[in-house]
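A.B. asks: The structure is given below, and queries will be raised subsequently.
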Amino acid sequence: MEEKPKYGEPKKFDPDFKGPIQNRGCTDIVCCIFFIVAIVGYVAVGILAWTHGDPRKVIYPTDSMGQYCGQGTLEKKPLLFYFNMMKCASPMVLLEFQCPTPQVCVEKCPNRTMTLVTAIGDKQDWEYYRSFCREDPGVKVRVLHTSFLARCFPSLGKKGEVITVGDQETFNDGEKIRDAKDLVAGMKNATVVMEGRQVAMKIFEDYTKSWYWILICLLIAVVLSLIFIVLLRYLAGIMVWVMIVMVIAVVAYGIVHCSVKYVSLKDTPGANITLQQLGFQPDFSVYLHIRQTWLAFIIILAILEFIIIILLIFLRNRIRIAVELMKEASRAVGYVMSSLFYPIFTFFLLTIVIAYWGVTAVFLSTSSEPVYKVFNETVCPHARETCIPEVFMHNHNCPQSECLFAFYGGETPYHKYLIFLQFYNVFLFFWCANFVTALGQMTLAGAFASYYWAPNKTKDMPAFPLCASLGRSLRYHTGSLAFGSLILAIVQIIRVLLEYIDHKLKGAQNKFAKFLLCCMKCCFWCLEKFIKFLNRNAYIMVAIYGKNFCRSACDAFFLLMRNVIRVVVLDKVTDFILFLGKLLIVGLVGIFAFFFFSGHTDAFKGTAPSLHYYWVPILTVLVGSYFIAHGFFSVYAMCVDTLFLCFLEDLERNDGSPERPYLMSEKLLNVLKKKNQAN
């Protein structure tokens, strides 16, 4: 008897298939090399940023000369005062962690208003003025500042006070503040933040008291997720058909209810007028007193009910296939139990990628240096030249020249191209994050495909299918992973640029530009969703046959298009079941957490910790339970998608003959009314 080909080996009826090792395309190889070079460049950018950056600027405030407030010679001046806070409202500040405005370290924040003219007359006022301002008659000190995070933020002031914003003046009349609206909004937010400090401390204290109970609740969510996946083997069909019956019943009840309303309004005065006679009414409840409205509802619901029943009649077999595939996926997960914990590995890799991106972004943002230029009121040959305040000497040709703060950034090639390094950092972050996600999808797809194509599930499957699939993905398909993730990263970075342009055009009056930008954002959002869908199925085909990314994506797309109705039915049925699962798990764990932490149940009063806000651990448990359920169900969804593509390939490539037998389960064969011929 001829030995059957093992998983991963070419089938005899497919002479074009060459196996995973020989079938790596030129595009994948080039993309693999390009990805490695990009990673090396990413590491070089990180090293360059770590050499020039200083993350202490994020924590400790620095003045315009780059000195740290509260340290060294400025030990007695721990607070930072900004000349013009309005310039800090720009999102570009996040790229440098510095406001493009003069800053000075002060002992305490200013609490009164004065100008150079009013300060000269009094020695005490003069000293107070010098601690905050340059000798400029037009400069005023902002009033009623409050300190937060070692920085001075202007407060709103009392009714009738003058609030100075740089060289702009506003008046608080108790109702509104004219001019500088953005700053006033920022001042209000700062006040809210100040008041929220105590709330944050109480929340932190609640976490210290309840963290172990939160972990217990999350462990319960893990157990419930595992139980739900196991029960899908037995309950998937019941849940789907019950859902369909409930939808039909709900629509039927709607028809009956509308019919009762339609009959009850028969003798009501004014109820027999038509909607055309009534016209448009701002109060929509008026339409509910018209018989024609309920007649329209009856017709719409009847048409909907008819469509549902017709679809159910014609799609019943496809729904049975979808249910059976979900049961088969539950069995496959049972054979590859380690797959349920693979998302932990993906989460670990994504954490590394996010941490590297975040640290590099902080170091790049803190690489800027204060630049000082020579300023003079008259024409000076040395004007606008770079200078150093500590060593600056007045030129004899320009006795009035000063070395003053010009801008933050730097004039070296590194500082000039800093914005491009930030862009490169963001782009590589998207690429690496997509690569890690793609690696997880291909690894799971390879493990579950090995289950499907094994004639004997217990003997022909690899000993460690998940590890074997991970090894194949990294050894043979790195280029395919890099190419697919590169396409997705390009679309995502374009979306980021569109969001940035949208932010810059918020104040623009060009309606056409806003409309065009909105259309582009919508198109690229749809494109990103489509590419994610295509990539996911392409990785499955790569894991099954070992072909390159472009060939696999093309094969997967046309395979799905030839079975588009099955795709839609399976997708919607799976989405509904997993939605119910998430809702059930989050609901059960959330209800338990509510009764436990709220103390509304006598059984838990002696055990539950005493908290300031019992909703803090409850919300944490709800969010954590959702992500846990999502992690487990993402594996299950990947299993369903993989088995579905394997099922479609099985139908197209095999015919049930002894030479080409179907490899699907007996239950799927029964649903399709097919069978394998005896050898």
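Even glycines carry a Cβ here, placed using N, Cα and C.
What TrEMBL records for 27-50, 211-232, 238-256, 294-315, 335-359, 426-454, 576-598, 618-648 is transmembrane segment.
Can you tell me where each of these features sits in this structure?
C.D. replies: Below 8 angstroms of C-beta separation, residues 356, 359-360, 363-364, 367, 414, 421, 424-425, 428, 431-432, 435, 477-480, 482-483, 486, 548-550 of the same chain, each at least six residues beyond the ends of the transmembrane segment (27-50), sit close to that stretch.
Sequence-remote contacts of a segment are chain residues at least 6 beyond its ends whose Cβ falls under 8 Å from one of its Cβ atoms, and for the transmembrane segment (211-232) they are 326-327, 329-330, 333-334, 340, 577, 581, 584-586, 588-589, 592-593, 596-597, 608-609, 617, 620-621, 624-625, 628-629, 632-633, 636.
Outside the transmembrane segment (238-256) by six or more residues, the chain places 297-298, 301-302, 304-305, 308-309, 312, 319, 322-323, 573, 576-577, 580 with a CB less than 8 A from a CB of the stretch.
The list of residues near the transmembrane segment (576-598) in space but at least 6 beyond its ends in sequence, with Cβ under 8 angstroms from a Cβ of it, reads 210, 213, 217-218, 220-221, 224-225, 228, 232, 236, 239-240, 243, 326, 604, 607-609, 611, 614, 617-618, 621-622, 625-626, 628-630, 633, 636-637.
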